[in-house]
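Colleague: Provided herewith is a single structure, encoded as structure tokens, for subsequent inquiry.
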Amino acid sequence: LWIALCVATNSSAWLGTAVLVTNIRNFPLSRGTVAVILKPYGGLSAAVFTEIYNMLLHNSSSKLLLVLAVGVPVVCLVMMYFVRPCTPASGEDSAAPSHFLFTQAASVVLGFFLLTTTILDHMIPLSASISYASLFIMIILLMAPLAIPVKMTICRKRTSESGILDQSVGSSDSVVRAGGDADKSEPLLDPSSSTTDLGSFRDNDDVSEVALLLAEGEGAVRRKKRRPKRGEDFKFTEAVVKADFWLLFLVYFAGVGSGVTVLNNLAQIGIAQGVHDTTILLSLFSFCNFVGRLGGGVVSEHFVRKTIPRTIWMTCTQVIMIITYLLFASSIDGTLYAATALLGICYGVQFSIMIPTVSELFGLEHFGLISNFLALGNPLAAFLFSGLLAGYIYDNEAAKQQGFNLLTSNVISCLGPNCFRITFFVLAGVCCVGSIFSIILNIRIRPVYQMLYAGGSFRLPQTSNK
């Protein structure tokens, strides 16, 4: 079982990296928008599998394992040809924003649909026909973005056919005009001596550059390699010694690490505060996580064109997370669901901001390695805050309430606000430190965004040979 879990989790991370890195490199001028689309769909995947598990597989764990074991490799083989590196567009495509907007709208409709069906299935048992109908609608919504390449293929064929027709009509006109225009094709100005001299200077520069390259090849001259600047392509060894790298790691560690601690213990938190059925609580967090991933990416993509760093939204959401953890710790009646929704949104924002920020600061050449190293903040924080801190405090409080030693009991439960109060105070302190680091990071990287988005849209930095 341990080997199976290890292989499954690592393969999942590899699939996500392959899809994310490939698409961001294919759309370098819209990398933020690409992350806005892919990360929310990743957040919805758990709800999609839950829908399949409940409605199609009838809560059968063995059937679910069979579907995952057979279905995932089949999907990978089918999609292998499509998820591949392509030559990115040289400039901005006027049709791209509408295509991205359609995909985002499809993901929003899918998210609302999954939340609605989950709540209805929990409150009112659905019949088999309704379950299959909702499953069919879910598949249609999942496949909706495929309408974009189909539409582009059809329009391309029509454009090419009309272009051939126009070319055939225009060729006859050019034959008629050829005789009359032959004598009018003389240049307006004769080449001057200044342009001739300029050409000779360029020739001399080319000769000197070639001579320098030959000297470097023979070892006679050594050119000092220039270290990359922020916004250019970094190697991992070059990025890991930068202060911005570790500031971004600590900010992500504080935001996502504290959020995943609550997510891992959300069922126990609900039970401790008197919520016996935590299905709605978990569904609310998942949906708000999706909203945060989508909304955070959209908002940051809008304001980044005004040279505002994306990480400013990590700062804002971590400040909100501090308030949220204090709400959890207070255990005021009626605040549990509101605090869960706020935390889900703020938790999702951290993901959608970190991905494009890494690509903008350290480039795309080694984006996969750098982003995955930064993503280690999530499991590391889960181990520290959830496994060690929250688990230890919860077990001790449960032992005090039930009056026996934990070593002599297999099943324990804790009730009341004291079960997680200290944990929430610690998480609030962690987010407070993360907010301070985030402010420092915002100040440091503001010049980078002023350079990349000076004209209101993303510009690839001009790099020189290293």
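Glycine too: its Cβ is placed from the backbone N, Cα and C atoms.
Here TrEMBL flags 1-150 as domain 'Nodulin-like'. Annotated signal peptide per TrEMBL: 1-18, in sequence order. Here TrEMBL flags 64-83, 95-120, 126-148, 245-267, 279-299, 311-330, 336-355, 367-394, 422-443 as transmembrane segment. Sequence annotations record features per position, and here TrEMBL assigns region 'Disordered' to 165-202. According to TrEMBL, the feature domain 'NFD4 C-terminal' maps to 242-449.
For each listed feature, how buried is it and what is near it?
Modeller: For the signal peptide (1-18), the list of distant contacts is 42, 68, 76, 83, 368, 371-372: same-chain residues at least six beyond its ends, Cβ to Cβ under 8 Å.
Beyond the ends of the transmembrane segment (126-148), by six or more residues, the same chain brings 48, 51-52, 54-56, 99, 102-103, 106, 109-110, 113-114, 117, 120 to within a C-beta distance below 8 angstroms of the stretch.
Averaged over the domain 'NFD4 C-terminal' (242-449), the predicted model has a pLDDT of 88.
Beyond the transmembrane segment (279-299), the same-chain residues lying 6 or more positions past its ends with a Cβ under 8 Å from any Cβ of the stretch are 32-33, 35-36, 39-40, 42-44, 46-47, 104, 107-108, 111, 114-115, 118-119, 122, 263, 266-267, 270, 313, 317, 336-337, 340-353, 356.
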Colleague: So which residues does the transmembrane segment (311-330) touch in its own chain, when a touch means Cβ under 8 Å and the partner is 6 or more beyond its ends?
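Modeller: Distal contacts: 248, 251-252, 254-255, 258-259, 262, 269, 292, 296, 299-300, 303, 336, 338-339, 342-343, 345-347, 349-350, 353-354, 357, 417, 420-421, 424-425, 427-428, 431-432, 434-435, 438-439, 441-442, 445.
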Colleague: Under 8 Å, at least 3 Cβ pairs, sequence separation 6 or more: does that hold for the transmembrane segment (367-394) versus the transmembrane segment (245-267)?
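Modeller: In this chain the transmembrane segment (367-394) contacts the transmembrane segment (245-267) - 3 or more Cβ pairs sit under 8 Å.
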